[in-house]
């Protein structure tokens, strides 16, 4: 629900940037619309809207890129970004306090991918809507290149926008047209595409689609889990008809939709939306993934141990996340220029190092690829509790590891106390674990066969020796 609130806040910022509506009127309007079609349409409506929303997302991105390349030039975009230090590559240092390194990007990427495609109710529910397992696998394989290309295109959009505003930063200019970096994309769309009727609206729809598809799928999945696992057994026992249960599902959808709107007011204090979404998703997704890992990778895990591990992991991940958010010092970004702004045309050079407070887990001594943010003072950084200095990229792996360790140890202790060992069917285990288990079983069988053959050989030798001795004695008698 927290992640849904973060995602819902993004299009509200976009709408407030291009209209006279306040952010909160935008939040309520978007939330009500999304809740309305989720309540009436169900999963089928969510899937079809996701298809059209995905098309709008890609159309909006391509429109921004084409316009940016026409205005600035492909070569100039690259040169400007290179000169401004926006094409830096993350380092290979094993420093857990650095905002971005090649290691935390790779590890967090793997963990988040497993959370999204392996332990996320939203994805699992979508995969279950197709006819068979083969089509589910096919949809997963197709989504991999599409997802990678979408992220790469978004990075390219950021570089194009930076190149366009390289001499007049809208965040720091005197008239201050936007109040948040999250409003930069819709502001760029409206200011550069307004000469083409309908195109700005199409691009803004792409921004909305990215958020609404996520929120609608999550609301529908929450409703399905609540109905199937919590309420359906109770409703069936009371003899309620399918019509009344369908009405109950719609009421639950309505409840989750409005709860998401309410929690958006809390999420607004998090600040940077990209960091906020990754933090919330990792803080809760890592512990949930640990439960799936306990079930797939071990034969000793039990229900109580998994719950203990889940709660412990969520508590620790939330403690580090919110602690880092509350104690994050001010940070500095790479310099931006105002020399091309109309109000500053008389200035020959105006390079600003504006300090912009990041309320959510900004790192004092690191940067966008270790150069875009520098600590104000080392003394402030030294006073911060060490765990609060961790890069937010590590929150999901920490939740996963804590959940696995605590859950596994708790399960073993509970098994020893109860004297019971869980009976785990082979089909619930990971193929990798089954392979090693079968290999171990084959080795034991071979050892037992070898021992049995040796014993049989010894018995046969004794029998042969006995027969030989008996024959010799009989010969001696004669």
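Including glycine, each Cβ sits where the backbone N, Cα and C put it.
Feature transmembrane segment, per TrEMBL, maps to range 392-417 of the set 366-391, 392-417, 418-443. Per TrEMBL, the listed range annotated as transmembrane segment is 306-326 (candidates: 306-326, 327-347). Cross-referencing 100-119, 120-139 with TrEMBL places the feature transmembrane segment at 100-119. Using a Cβ-Cβ cut-off under 8 Å and counting only residues 6 or more beyond its ends in the same chain, the transmembrane segment (45-66) has close neighbours at 37-38, 126, 129, 150, 153-154, 156-157, 160-161, 185, 188-189, 193, 199, 202-210, 212-213, 216-217, 220. Where the transmembrane segment (100-119) meets the stretches 199-226, 273-294, 306-326, 392-417, the count of C-beta pairs under 8 angstroms peaks at 273-294. Same-chain neighbours of the transmembrane segment (392-417): 96, 99-100, 104-105, 107-108, 111-112, 115, 275, 278-279, 281-287, 289-291, 293-294, 298, 300-302, 304-306, 308-310, 312-314, 316-317, 320-321, 324, 360-361, counting only residues six or more beyond its ends whose CB sits under 8 Å from a CB of the stretch.
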